[in-house]
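These notes concern the structure reproduced below.
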Amino acid sequence: MSYRTWLAVCILLILSMVSIGGFTRLTESGLSITEWKPVTGVIPPLSKNAWQKEFDKYKNTPEYKVRHFSISYAEFQFIYLVEYFHRLVGRILGLVFFIGLVYFFVVGNLARESRLRLCFALVLGVIQGFVGWYMVKSGLLDVPAVSHYRLALHLFCASLLFMVLVYEFLSPTVIKGSVFKWHLVGCSLMFLLSMQIILGGLVAGLKAGLICSTFPLMNGEFFPAEIFHELSLNCFNDPVAVQFLHRMSAFLLTFICLVCLVISFFYDRAFRARVFLVASMMLLQMFFGVLTLLFHIPIDIALLHQIMAFILLGICVSFLRVRSG
């Protein structure tokens, strides 16, 4: 397997993890496994007795006592397997990345910068695993839901790992002239998209998408009254305020992309084409976001909305791989 093929496999596994993670959240499966066993946890329950033990552990959680007290044995098996599969793909990703890392460090003629990026990605991957359990643990104590802050952190770590590997995967593009405009647009949009992904994690954690399911107004108001009551850091605990911020951030991102598109017509064709791609994808992403809201978070559209955010990040990273020659 070549170096870039290995990176591509890792990137696809990250996207798979993001998709499965979103499905896990939307089906309320994430708290079904009450323990974190990085090694022995790879083996699922194989007997009826083992399944019953896992079910009994789940019955002691706040989620079961408050929300899922009527769940059947078969329904528990479903949500358990969803969470199990999410963790399994994470283990596969970690194994594939670590084996490839060792192999290419030994036999590959990697530049120092590539080695540093891969080591950073390894550290990020380890942190991401701990953050995942840190998030799940928050929903096993008193409240029957994970901390929305920890969920947002978990999603942000995934996006950061994704950006690092995409950057390493993409081959540098050499152009004539200055690359300032490329890097300015890429860095600006990457930063704003990262903030938007964090806000999206907060929206998901608070289930804020089920509140004010109207567009463009929020239950008849552009500025909901709730946001004026929460003009502090506490606004991140208020579902209405968080959804408002997520909407405004989406408007800002789309506006900036369209402004960049207009400005790009004064530059070369390659730059114009890349900006057009970003602007088009941003409009499509906003469209999926609106559909997710209006149809009360259907799983298929919600997952597409989440994956599109990562695809947009990947396109923005490509701006940083342009070099002057």
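From the backbone N, Cα and C atoms, a Cβ is placed for every residue, glycine too.
According to Swiss-Prot, the heme binding site annotation covers His246, His305. Every protein chain shown contributes to the tally, and the Cβ of His305 (heme binding site) ends up with 23 other Cβ atoms within 10 Å.
Sequence annotations record features per position, and here Swiss-Prot assigns transmembrane segment to 6-26 (among others).
Only residues 6 or more beyond the boundaries of the transmembrane segment (88-108), in the same chain, are considered here, and those with a CB under 8 A from a CB of the stretch are 1, 3, 6, 9-10, 13-14, 16-17, 20, 38, 42, 115, 118, 121-122, 125, 129, 132. What Swiss-Prot lists as transmembrane segment is 88-108 (among others).
Long-range neighbours of the transmembrane segment (116-136) within the same chain, counting only residues 6 or more positions beyond its ends whose Cβ lies under 8 Å from a Cβ of the stretch, are 30-31, 33, 36, 38, 90, 93-94, 97-98, 101, 104-105, 110, 146-147, 150-151, 153-154, 157-158, 160-161, 164-165, 167-168. As annotated by Swiss-Prot, transmembrane segment applies to 116-136 (among others), with the evidence given as sequence analysis.
Summarising the annotation, Swiss-Prot assigns transmembrane segment to 155-175 (among others). Within the same chain, residues 4, 7-8, 10-11, 14-15, 17-18, 21, 114, 117-118, 120-121, 124-125, 127-128, 131, 182, 190, 194, 197-198, 200-201, 204, 268, 270, 309-310, 313-314, 317-318, 320-325 sit at least 6 positions outside the transmembrane segment (155-175) and bring their C-beta atoms closer than 8 Å to a C-beta of that stretch.
Summarising the annotation, Swiss-Prot assigns transmembrane segment to 184-204 (among others).
According to Swiss-Prot, the transmembrane segment annotation covers 248-268 (among others).
Long-range contacts of the transmembrane segment (275-295) within the same chain, counting only residues at least 6 positions beyond its ends with a Cβ under 8 Å from a Cβ of the stretch, are 185, 189, 209, 213-215, 250, 253-254, 257-258, 260-261, 264, 301-302, 304-305, 308-309, 311-312, 315-316. The annotation transmembrane segment is assigned in Swiss-Prot to 275-295 (among others) on the grounds of sequence analysis.
The transmembrane segment annotation in Swiss-Prot covers 297-317 (among others) and rests on sequence analysis.
Within the chain carrying the transmembrane segment (184-204), a Cβ under 8 angstroms from the stretch's Cβ atoms is held by residues 25, 148-149, 151-156, 159-160, 163, 236, 239, 242-243, 245-246, 249-250, 252-253, 256-257, 260, 275, 278, 306, 309, 312-313, 316-320, all 6 or more beyond its ends. If you look at the transmembrane segment (248-268), the same-chain residues 6 or more away from its ends with a CB under 8 A from one of its CBs are 175, 177, 181, 185, 188-189, 192-193, 195-196, 199, 275-276, 278-279, 282-283, 286, 289. A sphere of 10 angstroms centred on the C-beta of His246 (heme binding site) encloses 21 other C-beta atoms.
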